[in-house]
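Taking it in order: structure first as structure tokens, then the write-up.
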Amino acid sequence: DKGPGFVVTGRVYCDPCRAGFETNVSHNVEGATVAVDCRPFDGGESKLKAEATTDKDGWYKIEIDQDHQEEICEVVLAKSPDKSCSEIEEFRDRARVPLTSNXGIKQQGIRYANPIAFFRKEPLKECGGILQAY
């Protein structure tokens, strides 16, 4: 029983300070690969694996065709094209998205995921001063 389709959209950025949030030296990542992963609430196998690549502004769009009422769906980082900013940190590499139509959300089937980030292995030298400003 397929429900209406959804478009999941969001942005991928590089966190050069490993801050866990965007700073004035963060930048969007073009050409990053993200996947949508859905698994049952009861912890079974993850099901849907739709992938997309980010555009020049770091945005992606993934079309998904059925309702995932009984599932937890997340957008997960898969691959960074930028070798200097390609570290993935567990739990910070994903954003949960509601993919059901009965959650009172009626945005023409568009679901916005929170921005997710790749990290630099070594923070930039100027990060100490930058982070003090936040």
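Heads up, the Cβ atoms here are built off N, Cα and C, so glycines get one too.
Looking up Cys73 in Swiss-Prot gives a disulphide bond to a cysteine among Cys38, Cys127, identified as Cys38. Within the set Cys17, Cys85, Swiss-Prot assigns Cys85 as the partner of Cys14, by disulphide bond.
Under the DSSP three-state reduction, Cys73 (disulfide bond) is assigned to strand.
The Cβ of Cys85 (disulfide bond) lies under 8 Å from the Cβ of Cys14, Asp15, Pro16, Val29, Phe118, Phe119, Arg120, each on the same chain and at least six residues away in sequence. Cβ packing within 10 Å was compared across the disulfide-bonded residues Cys14, Cys17, Cys127, and the lowest neighbour count falls to Cys127.
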